[in-house]
Amino acid sequence: MAPRRNNGQCWCLLMLLSVSTPLPAVTQTRGATETASQGHLDLTQLIGVPLPSSVSFVTGYGGFPAYSFGPGANVGRPARTLIPSTFFRDFAISVVVKPSSTRGGVLFAITDAFQKVIYLGLRLSGVEDGHQRIILYYTEPGSHVSQEAAAFSVPVMTHRWNRFAMIVQGEEVTLLVNCEEHSRIPFQRSSQALAFESSAGIFMGNAGATGLERFTGSLQQLTVHPDPRTPEELCDPEESSASGETSGLQEADGVAEILEAVTYTQASPKEAKVEPINTPPTPSSPFEDMELSGEPVPEGTLETTNMSIIQHSSPKQGSGEILNDTLEGVHSVDGDPITDSGSGAGAFLDIAEEKNLAATAAGLAEVPISTAGEAEASSVPTGGPTLSMSTENPEEGVTPGPDNEERLAATAAGEAEALASMPGEVEASGVAPGELDLSMSAQSLGEEATVGPSSEDSLTTAAAATEVSLSTFEDEEASGVPTDGLAPLTATMAPERAVTSGPGDEEDLAAATTEEPLITAGGEESGSPPPDGPPLPLPTVAPERWITPAQREHVGMKGQAGPKGEKGDAGEELPGPPEPSGPVGPTAGAEAEGSGLGWGSDVGSGSGDLVGSEQLLRGPPGPPGPPGLPGIPGKPGTDVFMGPPGSPGEDGPAGEPGPPGPEGQPGVDGATGLPGMKGEKGARGPNGSVGEKGDPGNRGLPGPPGKKGQAGPPGVMGPPGPPGPPGPPGPGCTMGLGFEDTEGSGSTQLLNEPKLSRPTAAIGLKGEKGDRGPKGERGMDGASIVGPPGPRGPPGHIKVLSNSLINITHGFMNFSDIPELVGPPGPDGLPGLPGFPGPRGPKGDTGLPGFPGLKGEQGEKGEPGAILTEDIPLERLMGKKGEPGMHGAPGPMGPKGPPGHKGEFGLPGRPGRPGLNGLKGTKGDPGVIMQGPPGLPGPPGPPGPPGAVINIKGAIFPIPVRPHCKMPVDTAHPGSPELITFHGVKGEKGSWGLPGSKGEKGDQGAQGPPGPPLDLAYLRHFLNNLKGENGDKGFKGEKGEKGDINGSFLMSGPPGLPGNPGPAGQKGETVVGPQGPPGAPGLPGPPGFGRPGDPGPPGPPGPPGPPAILGAAVALPGPPGPPGQPGLPGSRNLVTAFSNMDDMLQKAHLVIEGTFIYLRDSTEFFIRVRDGWKKLQLGELIPIPADSPPPPALSSNPHQLLPPPNPISSANYEKPALHLAALNMPFSGDIRADFQCFKQARAAGLLSTYRAFLSSHLQDLSTIVRKAERYSLPIVNLKGQVLFNNWDSIFSGHGGQFNMHIPIYSFDGRDIMTDPSWPQKVIWHGSSPHGVRLVDNYCEAWRTADTAVTGLASPLSTGKILDQKAYSCANRLIVLCIENSFMTDARK
């Protein structure tokens, strides 16, 4: 049959071993640790389940689970999920860590939203000169640089477990290493509390984007304590036995961990059947929820409800630790077919350990555990199997003596605790007592464990080993099938010696036994009435065997105490001969009012404290010491009444003579104290209902508690699930023998009375400690019935135990190597006097059971459970992958962050806007004419604008000199033939600007150099182009003088006869008509206008034009006319620019002869001639002054470089607008978007600056466009079609709705809505609907393509570009680019 398991139910068995400590110290430790543990912050909760990438479980220090961090681990969350916004003023940080790299790394860090400043953190530095530093970061609000508050130099920590604590208190920082103070450093800080902004982040194993080294290695504990005293309290040597983990390093403790095999066999039905008694619900400590979470149990944890704890420790540093990895498998074994039929009530536990169980002291706390599955126990008998457990192969036991019985009492009291109910859906109202038991007894080594003197038969109990009773109800329905046909299961062991306790303080031993459920063994039925007799002052056990029913009839009479022995030495000499048995001690009786013990019955659970059996670490027996002085009253027991002292027993046989010791003062026995006040009945809390187990989903917001569904039919047996979280404390109930005083008062009056099934009331609060009672009278002498031989004498004091335990290789304790600890036995001591009055009594009887409470709400999700088995693969313990959770609603807008750091160098800026028209310049001074020698002919200059004609010396035809005319300025000597000269107009130097207003005529400039001879064909062509409209009729001119002959011109003629002026003629083809009589000079004509060119974008001012060539009849030009409409370059522009040589050759047929060509790529100059091109030689370079604006492009079309099919070529730039384009391919979340937009815009010939349509860590999306142009300019595509009315309208909160019929083009002219190059029609933006950056959804500032990281994007199918959809950053989506300002220079 496959093993049966209940969902959410787990059988766990752990053994508790510890080092001796007094009971007051144990009690004090528990209180301190409970106080210190409240409100601590466990930072390992950041890791979560399932584990992140590069994080895994490993076996950690002491066998606990730990987390292994690889190089790629990235654990971080918003700090507000774990850390309070206002941090503790004083605090402590506890760490258990094992680095695997010499580079150190950050253990944890709380940073600002930009992950640049560490507010609080711990870092390990790299290894330098055999040391490392532990660095504490503590940065107060307002600082923009991480501050190192303290740094401690420690030895290299790599590849070994290290335990340290950092304490920040007042003006000091203290480092504790292995519970010892390492050093202190002064710490200056302001009185202002450390506060974290709401957008702060907390990281584990790294520090975000700060650039600090990541931690690689194993991390087991990382806890922040609000009380800075907590680490010191947990490390107190007096409290080490109560600690839940070792304070020192396991490697250096020297305590060998020997894990004993535990087997279970079915024993004879004659073995004792023990009925467990459920303890009342104990208050749940904060650590109960952590027992199966995979976390180490914090120090000082003593209380538990679902398991007993193995504590073992080094004698040097003394704190125990829980071993939760020693149990290899826990599974059921088929029971008796008769009792198992269908109900499964007879399932056994078969616990097989393949490892050695750590054992540094003898003893197992008996842990009765009652578990309930989904059973109705009203009609199910609970008799049946009994499970006994024992450990094997220890070589020697330990015998506690009288001076250590107080510690023994504390040990036994704690180990008997942890009786727990594990509620499922069970009602225990009808459970018949004493039927189904699984008990485990750990027997001593070779001899049965004894505690004090007894009658010749005794009870196996506390000191060496106690028993564990497990009552189970697994999935039982009220079938009525009896389960008492199963024989008990008994596990035995073969030790060499027993662990016994000698006579001692009865008060302490009574306190020990009252908290320990003792179990009878034999064939007697449970519930039989105890034998009559005097009160039982002290529970005892026999050294060798179980008590039989016949022997029980003779117990109850007191024996006389042995004679007083002399004080022995310290026990450090050589071992002496064996000591004979001492005199008979007092016998056990029935109805021992203070012992918490009754025949055939169990006792109450005690106060609920769980104390390890450290008291059993003792040496071999030494000589008995004298009776000590009366000690101070011990800490009151919670459920014990001390019985009256017994009469002295008969003298036992004399022991071997020991060294004589001084006689001690006899002690005085006190009377029994008054019974304590009965506690008030407490109200029972509601039972919690178990919610349906859901598949783990992605991390989402916590949902409301789920409702419990109806029970379905039994399904197929599935694999065992991981351990569930601890349930709430169950209600106290009367089970087994039906005790009403489950607090352990020892009442045995109702042992044999069957109890009616009724609801169980919750246990009332514990009463306050009462005043010390008066000294009692000496009790009556008991009957002089000889008791069994007394135990051996007490051991010597252990002084060098830690050094002697290093080489232990077998058994619980191997003292063969410690001969110096064994002293010779001493003489028997005299009986002591009555002791002091007893302390206040225990809590009163339990009230009547209350009615069952309502089902509680579903509990919170538990921590990850510890994996206690190696039989089941890890993947079977983990649930199936959950469905993705719902996306959470966008969070509120965060507060305005602090000023950012200085950014990187920006992209090249756009050209500046044209300046305003300058003020009208003043008239310049006349130029000084300096006649110089004629220079060499210069290279041909570029064509210039027609110059103003200042002097007309003559026409191209010879004209005789007119003597009545004034001589022109700077003309050649009269009568000498020369070429036509022209004088330029002196102008003001200005910057590039808009067309200016009409300026005043400048003064006459200096005479220019002679020009080259003109070609007639060129001249005719040029004059035809310069043909103007008909001028006004001129006045009749006077007869001209005979002109000189100009022999340098090819065309000349004789002077004509004077004629009358004729009427105005039609427009002629030539400038000069036939020669007529000279007329009067005509007035200047109106300015001429050229034929308007095709409209085009405004171009820069052209270079100077060719020289004006005028005929004799041309009048002086008028003032400059208004600027004409801009046009594309026409054939009349004699200077044209091409991109390169190929472009010039392809367009040669479009260029007329005489046109100058400038090549942009090579900066060369050519002139078009008849058969081709001729290259012109240019002079030296004259650099442009630094303060001059850059020259405009020679072409007036900024988009002419786009390929022919590009729709941008037809874009209309006449109206101001901002252009929106897309990158030429899709991109994932890891992209240098701004650089791509700039680069692709330049490649497309767009001169303005384009920015990515994305939010960034430095800028919100809504602020990319220049502020002055967010409201006035439309947003258009590259064809000029309007997409949005203005930039601000996109961020109105409606998602940026646009007309889907207007396409969005890429820089290379493709429509992204239809082109298959963008398979996912989704646009990245990473912004809220109002254009605010969302740091959790913008692919880590567009620097990652990780699948686990998301960014916001908008599907084009919605007709919006700001729709709020989250996509994985690994997707390749559309990236848009926006022109961030209107650039007029690029479009002139």
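Glycine is treated like the rest: Cβ placed from N, Cα and C.
Taken verbatim from Swiss-Prot:
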REGION    229-555  region 'Nonhelical region 1 (NC1)'
REPEAT    460-509  repeat '3'
REPEAT    510-555  repeat '4'
DOMAIN    823-865  domain 'Collagen-like 3'
REGION    879-949  region 'Triple-helical region 5 (COL5)'
REGION    1118-1132  region 'Triple-helical region 9 (COL9)'
REGION    1133-1388  region 'Nonhelical region 10 (NC10)'
DISULFID  Cys1237-Cys1377  disulfide bond
DISULFID  Cys1339-Cys1369  disulfide bond
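Sequence features, as recorded in Swiss-Prot, placed on the structure.
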{"residue": "Cys1237", "record": "disulfide bond", "CB count, 10 Å": "28"}
{"residue": "Cys1339", "record": "disulfide bond", "CB count, 10 Å": "26"}
{"residue": "Cys1369", "record": "disulfide bond", "CB count, 10 Å": "27"}
{"residue": "Cys1377", "record": "disulfide bond", "CB count, 10 Å": "27"}
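Cα to Cα, Cys1339 (disulfide bond) and Cys1377 (disulfide bond) are separated by 18 Å. Distance from the CA of Cys1369 (disulfide bond) to the CA of Cys1237 (disulfide bond) is 19 Å. In the three-state DSSP scheme, Cys1369 (disulfide bond) falls into the coil class. Regional average pLDDT for the region 'Nonhelical region 1 (NC1)' (229-555) in the model is 38. Under the three-state DSSP scheme, Cys1339 (disulfide bond) falls in the helix class. Cys1237 (disulfide bond) falls within a helix when secondary structure is assigned with DSSP.
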